[in-house]
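**Q** Quick one: the structure is below, and I'll ask about it shortly.
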Amino acid sequence: MIRFGKYVWVGLVSLAGFAACTNSKMPAPEPEPFTVTAPANLGTSVPAPERNPFTREGVLLGRKLFYDPILSGNNKISCATCHLPEKAFSDGLALSTNGASGQALHRSAPPLQNLAWHKGWFWDGGAKDIESLNFGPIKHADEMAQNLTELVKELQNHSEYPRLFKAAFRTDTISTALLTRALAQFERTLISANSRYDKYVRNEGGKLSSQELEGLSLFRQKCASCHATDFFTDHDYHNNGLDNTYSEAHEALAWGRGRISEKPEDIGKYKTPTLRNIALTAPYMHDGRFKTLEEVLDHYRSGVKVSATLDARLQQNGKTGIEMTEEEKTRIIQFLQTLTDPEFTSNPDFSAPR
Amino acid sequence: MKNKLRLSYLILLSGLGLLSCKKDKVKPAEAKQGSMEVHFDSRRSLTEDFVVNKNYLNANNDSVSFSTFKYFISNVELVRPDGTTFAEPNSYHLIAAANTPASETFTIANIPDGNYSKIRFRVGVDQARNSSTATPVGDLDKDHDMTWDWNTGYTFVFAIGKFKSAPASATFLDFTYQIGKDAQYRTVELAFPSETPTAQIDEMHKPKMHLHANIFDIFGGPNVIDVKANSNSNLPQFSTVAPKIADNYAQMFRIDHIHAH
Ligand SMILES: [Cu+2]
């Protein structure tokens, strides 16, 4: 009996020994190094954190995860439920009720484009990196309502994911860290820079009409100090005069950047959104309050509300707001429409894998 | 004989199996090592244990109970009498105050042989780990509710409970303290108690340290906190209160005794 005990034990050890060897003798092939580049007017190179470099396998895995409802608690909601490629990865809604609970969210889903260059993520920059951000929608009860431990188990028992994670990260063990790294790699590849405007500024044969050019020059005078550079954002936080009272409801959500920095001088400030693909991403502002670009420009012209943190550029020469004639307004809108990038919204690398 | 032969054959096989793996396996260092169990016993006071959901009077004379009290203890170091230290690697421990000790206890492993006279640890998570929740190690890697979904970083101390302000108001109200951010990271250093000023730790000696965490001290160590005026830590105005609470929790720990096993 005793001998039999030993026998089995020795047998087990040898098996374990061999199992370990089979693993180490057949290492997964190195994931393909993968350079993601941007067009010249965005500065060519694409920022990515050192600990999460791009690999082809990582980006492909990230795309699959982005479109897979397995990420949600009820297996019905994917990232793409609220971030649709044809709307530059926004959702066309002011405050979505498409999350797990059906409760309206408190903010509008922004487009996902040129995210790699942001300095903070979400409307108020509360997320310090994309990798950390991704856990937000996955766990949030009103978005995907998923338990991370459950999710890792589901992925580990899946018919495809273990192989795909191994290809991307050379490990058999799926973890939340790897999940979010793959998603972030994909999100950083979502680069929009092939609108008609881009092809015009890069001399790639894009043509702007004289009216659009007039709009461009008006835009540069009146808007480009915040919606700056060819990113159309300064990646900074400003109060553009939407409100003059800031409720403390929902843990002072309306404080915007002020809730994150805990500084009174940041109350009511939000990240300057890019204006790329703006014709596709209505409704506008952090709560989707404006349905059209007309309404947005009417706001800047005559709707700006004064409060302590209102940006100085919106109260110059004793006047509140940005002066413009009806015609100038039309020209600016005509220009904004040249920022639509159909190559971005229909890029097969960004759409659901099949 | 037959049996013996088969056995040695198997031993050989298993030996081969292990041999061929040798090059990929990192051999543990030869240095002698011990371990120590650390128990963060949640207390009402020196003489009274803490019970979840039970009402107690706090330093501001408010009646207060906790349904949740959790915190991160991190970057634990053991200090030798000559001032040199052993720092536990990937040292992040989630402590949850409970009526049972399991969630209040962790074991520091692989402590080099020696004599130790102080423990140093942090309440909260260091800035490097706190600026991204995406590379979790230790207890940071759990589906705990110790992060915000809208603000990157870990909750250092998470307390939920009810309070009733003295004297008259009849109803209990809720409070939520979810305290984090780099400014609230605190270092605690405790010398071993006078009965056991040093402890030997090695393969034969695996002491158990019994700490008291007087969790009501968050309302009144150096700073008395009026919970009625400050019941929700997620309001921005709380940013002036949070450092005061952090100074309180920095002082809520004592070593009660050490079992020198
Ligand atoms: Cu004890």
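Each Cβ is built from the backbone N, Cα and C atoms, and glycine gets one as well.
Just so you know, TrEMBL annotations are computer predictions that nobody has curated.
Since the structure is predicted, the reported quantities are computational estimates derived from the model, not experimental observations.
Below, the features straight out of TrEMBL:
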SIGNAL    A:1-19  signal peptide
BINDING   A:Cys79, A:Cys82, A:His83  heme c 1 binding site
DOMAIN    A:210-340  domain 'Cytochrome c'
BINDING   A:Cys223, A:Cys226, A:His227  heme c 2 binding site
**Q** Could you state the whole-number distance in Å separating the C-alpha atoms of A:Cys79 (heme c 1 binding site) and A:Cys226 (heme c 2 binding site)?
**A** 29
**Q** Of A:Cys223, A:Cys226, A:His227, which is closest to A:Cys82 (heme c 1 binding site) if I measure between C-alpha atoms? They're all binding-site residues.
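**A** Considering only the listed binding-site residues, the nearest one is A:His227.
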**Q** Could you state the whole-number distance in Å separating the C-alpha atoms of A:His83 (heme c 1 binding site) and A:Cys226 (heme c 2 binding site)?
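**A** About 25 Å separates the two Cα atoms.
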**Q** Of all the binding-site residues given, A:Cys82, A:Cys226, which residue's CB has the most CB neighbours within 10 A?
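**A** Highest number of other Cβ atoms within 10 Å: A:Cys82.
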**Q** Which of the three DSSP states, helix, strand or coil, fits A:His227 (heme c 2 binding site)?
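**A** DSSP assigns A:His227 (heme c 2 binding site) to coil.
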**Q** Please report the number of other Cβ atoms within 10 Å of the Cβ of A:His227 (heme c 2 binding site).
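**A** There are 20 of them.
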**Q** Determine how many residues of the domain 'Cytochrome c' (A:210-340) DSSP places in helix, in strand and in coil.
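**A** In the domain 'Cytochrome c' (A:210-340), the DSSP-based counts are 59 helix, 14 strand, 58 coil.
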**Q** Just going by other Cβ atoms within 10 Å, which of the binding-site residues A:Cys79, A:Cys223 has the emptiest spot?
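**A** Lowest Cβ count within 10 Å among the binding-site residues (A:Cys79, A:Cys223) is A:Cys223.
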**Q** Going by DSSP, give the three-state secondary structure for A:Cys82 (heme c 1 binding site).
**A** coil
**Q** Neighbourhood of the heme c 2 site (A:Cys223, A:Cys226, A:His227): other residues with Cβ within 8 Å of the Cβ centroid, in order?
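**A** Apart from the listed residues, the neighbours are A:Phe219, A:Lys222, A:Ala224, A:Ser225, A:Ala228, A:Phe232, A:Thr233, A:Asp234, A:Thr272, A:Leu275.
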